[in-house]
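Some features that TrEMBL has for this protein:
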type: BINDING; residues: A:C50, A:C51, A:C116, A:C145; note: [4Fe-4S] cluster binding site
type: DOMAIN; residues: A:50-158; note: domain 'NADH:ubiquinone oxidoreductase-like 20kDa subunit'
Amino acid sequence: MESTSIQQGITVGAKPEGYEGAGFFATSLDKVVGLARKNSIWPLPFATSCCGIEFMATMASHYDLARFGSERLSFSPRQADLLMVMGTIAKKMGPILRQVYEQMAEPRWVISVGACACSGGIFDTYSVLQGIDRIIPVDVYVPGCPPRPEQIIDGILKIQHLVETESLRRRDSEEYKAMLNKYGIE
Amino acid sequence: MNVNQPVIEQEEKVEEKQYSYLNLGPTHPATHGIFQNVLKMDGEIIVEAEPTIGYIHRAFEKLAERRPFYQITPLTDRMNYCSSPINNMGWHMTVEKLIGLEIPKRVQYLRVIIMELARISDHIICNTIIGQDTGATTGFLYLFQMREKIYEIFEEICGARLTTNIGRIGGLERDIPQKAWDKIDKFLVEFPIAFKEFTSLLERNRIFMDRTIGCGPISAERALSYSFSGPNLRAAGVDYDVRVMTPYSSYEEFDFIIPVGSNGDTYDRFMVRQEEMWQSLSIIKQAIEKVKKEPAGIFSARTPEFCLPPKEEVYNDMEALIYHFKIVMGETEIPKGEVYHCVEGGNGELGFYLISDGGRTPYRLQFRRPCFIYYQAYPEMIKGSMLSDAVITMSSMNVIAGELDA
Amino acid sequence: MEGSTQDKVITALKDRYEDQILHIDTPYDFLTVSLKKEKIVEIIQFLYNHPDTKFQYLTTLCGIHYPELNQIAVMYQLHNLVANQRIRLKIYLPAENPVTPTITPIFAGANWLERETYDFFGVIFEGHPNLKRILNVEDMIIFPLRKEFPLEDQRREDKNDTMFGR
């Protein structure tokens, strides 16, 4: 896959595999949809604590998540593609997180940022949920307490890879339904 | 709409007016952190608010009862994560007070530099967010660049950006390296320029002033009754600053002004924080001068029983290894006693009430968390105001969820 | 100057409530007075109004559990912002039935602090406008900061005790 250079320093994304001729380009729908989705993810920031501040740094001018097509934060779960859980999720918060996940439309991805969201982190206490994967399925884990903005960006890139390569039928598959059922989600 | 929604009882009497109920939070784009407020609305006027907190309750106080003293520092990081170094140092000073450690002057000045940098980074978040919520995103993007610079300084000093775990009981873990000094010098030159731009964008901006003056006010009497502290209390006109009232870490030697407001509204809170940043800059400059006069190379009290030795010594020196082992395993004699120490955190009086029974861990440690105490005045402050004012009132109070819920 | 204010406070307290004082101490230069539990609100009101004391700022309030004595202490920390004098008041309640009147009429800021103390220790503040759990989930049945309750969630099944213990 080669990139075409328009100007020095600016490149366009690689085009997917396909057949090319005069005036046409043929490829599978999966790949086109994946490519389009990948670069226009609308994240829903579910920031509860420290990692949320690092997320703010990621969004701000220095690290600038907009470079990856994710600058449009969707605070409404209905329109969001990516749920970014950042920070400690207490047991009191658990049902709300789940509700937010349930409200999101398919296809939806989840990234768990920070040690607390991944595993409870240093808070092995009666009030903290020991990892959000106990209530919702997670696609990418970003460790760190808190992770650096570079790490968060790396997590987003991993999600982009998943989005790009996902089959259009995955969400209809039996495995996927079984996985959701395991979490008690319809 | 969520399952945990507290129920405000509907009045049985049929009233002429009909109120609507609005759930502001727990996840709401305009609340920074996780707070829930059930608002009883008359049109767009808030009649009553019922806050619910505890959505990220992490049981700090219980955890602290199971952690050796030096391991509590990382916990304090995660309380007010916008200015972790202040929390760290506050905790260290509490333990030093308990064990009666004398801290060298140079270390105290170094701490002042770090704490004031942290105060600037805390106030940057709060003030840029006020700007953001009133529709001025530019300021946010401008000043966050400067915040990265502060993070870079912290990184040079301790290796971490946000949750710093900076310093140790008895001082710092290592001397501030030359690279960090260079960055501090650069910051002292660059920050005033960027900050002046930010200032001229907002401070006398007609739209911003119209939006914030008279929004979410609180009188000095009510603020005192609600035990406000920090910038929010000073905005109401009470000049209570822990740095002056009960000086710690040699703050009595510094020359600075405590800015006070008069109305206690959002604009005053904003302006108090703005001025405090200038004062912090001046304190940092003074502290750098003072550090230069002290003998170089001292970065810790180096009392072997309590201060963790530097890593190089642990690996190369038998005695240091023994002390390291003793401290880590909790074999040191911590005196019994009860001690209260407070520092001026980003949000106000951050207190540590520590009871030690001579064991490895504190018997009881209570954090006086300024956020938790002043957030309870929020329903009173937004009563009768518009919904959009409630949002900027909250952001101007700088409620940090981690500190609120502990 | 500092000492004289402190003496004045002690004198004022002793003049009026000699019989209520259990113990006066100044650990780390911090005036600490242990009191009998009966008249705590009256004493705080007295300290609030008395011209020599004027403790009109509530710094903090918390509970402390002493399982050996079967007691729960409630600590009030007040501050006179004019003279910069602080005082710590302590009362001891029986752990089975810790009940004490609320101080919310004097300090509005005591509201959540008392709720937190109720949440953590089960201390019931009589007359409190809204005494319910604040940080923990409402259906919790334990008072987590009491010493007998463990820190960790006991229902965890993913941790293996055989290697590291809990």
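Cβ coordinates come from backbone N, Cα and C, glycine included.
For A:C116 ([4Fe-4S] cluster binding site), the same-chain residues lying six or more positions away in sequence with a CB closer than 8 A to its CB are A:S49, A:C51, A:G87, A:T88, A:I89, A:I122, A:F123, A:V128, A:C145. Secondary structure at A:C145 ([4Fe-4S] cluster binding site), taken from DSSP and collapsed to helix, strand or coil, is coil. Sequence-distant neighbours of A:C50 ([4Fe-4S] cluster binding site): residues of the same chain at least 6 apart with a C-beta under 8 Å from its C-beta are A:G87, A:G114, A:C145, A:P146. Between the listed binding-site residues, namely A:C51, A:C145, the fewest other CB atoms within 10 angstroms of a CB are found at A:C145. Predicted-model confidence for the domain 'NADH:ubiquinone oxidoreductase-like 20kDa subunit' (A:50-158) is 90, expressed as mean pLDDT.
Per DSSP, the secondary structure of the domain 'NADH:ubiquinone oxidoreductase-like 20kDa subunit' (A:50-158) breaks down as 45 helix, 15 strand, 49 coil.
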